[in-house]
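J.: Sharing the feature lines straight out of TrEMBL:
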{"type": "TRANSMEM", "residues": "12-33", "note": "transmembrane segment"}
{"type": "TRANSMEM", "residues": "53-72", "note": "transmembrane segment"}
{"type": "TRANSMEM", "residues": "104-130", "note": "transmembrane segment"}
{"type": "TRANSMEM", "residues": "142-163", "note": "transmembrane segment"}
{"type": "TRANSMEM", "residues": "175-195", "note": "transmembrane segment"}
{"type": "TRANSMEM", "residues": "226-248", "note": "transmembrane segment"}
{"type": "TRANSMEM", "residues": "268-285", "note": "transmembrane segment"}
{"type": "TRANSMEM", "residues": "297-315", "note": "transmembrane segment"}
{"type": "TRANSMEM", "residues": "351-372", "note": "transmembrane segment"}
{"type": "TRANSMEM", "residues": "384-403", "note": "transmembrane segment"}
{"type": "TRANSMEM", "residues": "415-433", "note": "transmembrane segment"}
Amino acid sequence: MGALDVFRRVRYYSPMTQIILVGLVCFLCPGMFNALNGMGGGGQMDRTTSNNANTALYCTFIVFGILGGSIVNLFGVRWTIFGSGLTYALYSGSYIYLNHTANGAFTIAAGAILGIGAGILWAAQGMIMVSYPREEEKGKYIAIFWIIFNLGGVIGGILPFAINFHSEKDSLSDGVYIAFVVLECLGALMGLALAPPAKVVRNDGSSVVLVKYTSVGKETVGILKLFVNPMMLALLPMCFTSNFFYSYQFGPVNASIFTLRTRGFNNIFYWGAQMVGAYALSYLLDNQRMTRRTRGLVAFAIVAVFFNVIWGGTLKQQLKYTHGPLANGETTDYPGGLIDFLQHGRAAGPIILYMLYGVGDALYQNFAYWLIGSLTNDSQKLSRYAGFYKGIQSLGATVAWQLDAKSVSYLHQLIGNWVLLAISLVPMLYVVWTLKDHSEDAEAAAAAADEDAKAESADEYVEKQGESSVYV
């Protein structure tokens, strides 16, 4: 590839530059949140407050995930992502207050506020990730985003691991939480560096946004149509299941059988494995030697087999213990007590299994985004589809975090995850089977919009559409 080709790909208004920028935002905001959440209990030995905060988070996420696509369509990506990023910093900062007061009310309230911000941020991210690239590049772009994003989880795992390496405390120190707050504020500021989608142009000269304006009425109708869209309804179980397993993996596994420093150590490999899984799957999803349906069927088979294998391994491990650390935090009913990563003989199997959870998550999430991105090329629709995905995903997560908060047995949580996976696979297969080699696109809508615009004078058009411009 020549120097000119490299320059063209990294120019500011190119899709690749924008994917990298939104990846960095998510690296610093959701990536840090994932690292904190992956510690189990937000880094606290008692998971009650964290579980309730996550429940509050996902309750508001349900609503604002579904509404998020339309909010982004109406107000643009820059300020919505900036404001959303600050809610991550608020949530991480709330744990400093919790460390000093043992009062979880602020953390739970911050969780609810974070749900609003996260719903909007992920709708914007989803729209950028699946509508900016050309059809034959969507797998690669999704993987690039996923790698950058999960690098945040890796670094977020290194922070508590390093800071707490010699600590005997049961909870993360203020210094770890302060580091998270600083990084998340930086991520929010990076949202302002994003270009308005209407100005983003692919290397072939095509615009990523063909329909340039919207309105509250149009967005309301668009949201309502999601709930009668056959493809969206078929993908409901997939959306519901896609984050359901986090509470089990982070709580009954990572927080319950490993020492505090090993939980951070595990997260380094969990999120690192996500990067590997995403990169590997992208080669299949963009392989032009196969039809889109064939690629989808092969990817579906990989996801189905892989997840069933890791849940089988988890069942074997889960049968060794029933509860996590006892009230005093000094012991566990896992044979031999809490596992430390230096206990090589005991630690190798459980740590490798936990790392494979990360691979499975990447396979499932990347395939889900690719599947949604295969339904249309219309950026407005994709922003709503992404919001719908994250909203229903959050409904599942709300249920899952409350199962752990209500002390549902670990074995029953595992069984619930496995059953939900099986239920989601059947309608996913149906959607894959209906895929065509070329997505529905926005050309017809753009042509109609151009005709409407030509029918009005330039001044009248600006006056009418100015306040409801899709990207301002």
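Quick reminder: no glycine exception, Cβ is built from N, Cα and C everywhere.
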J.: Who are the chain neighbours of the transmembrane segment (415-433) in space, where the CB to CB distance is under 8 Å and they lie at least 6 residues beyond its ends?
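T.: For the transmembrane segment (415-433), the nonlocal Cβ contacts are 231, 234-238, 240-241, 244-245, 248, 293, 296-297, 300, 304, 307-308, 311, 315, 371, 396, 403.
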J.: Is the transmembrane segment (53-72) packed against any residues at least 6 beyond its ends, judged by a Cβ distance under 8 Å, and which are they?
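T.: For the transmembrane segment (53-72), the far contacts come to 37, 42, 80, 91, 94, 104, 107-124, 126-127, 214, 219-220, 222-223, 226, 247, 380, 382-395, 397-398, 401-402, 405.
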J.: With pairs restricted to those 6 or more apart in sequence, evaluate whether the transmembrane segment (384-403) and the transmembrane segment (268-285) have 3+ C-beta pairs under 8 Å.
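T.: Answer no: the transmembrane segment (384-403) and the transmembrane segment (268-285) share fewer than 3 Cβ pairs below 8 Å.
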J.: Should the transmembrane segment (142-163) and the transmembrane segment (297-315) be scored as in contact, given a threshold of at least 3 Cβ pairs under 8 Å and pairs 6 or more apart?
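T.: Not in contact, no.
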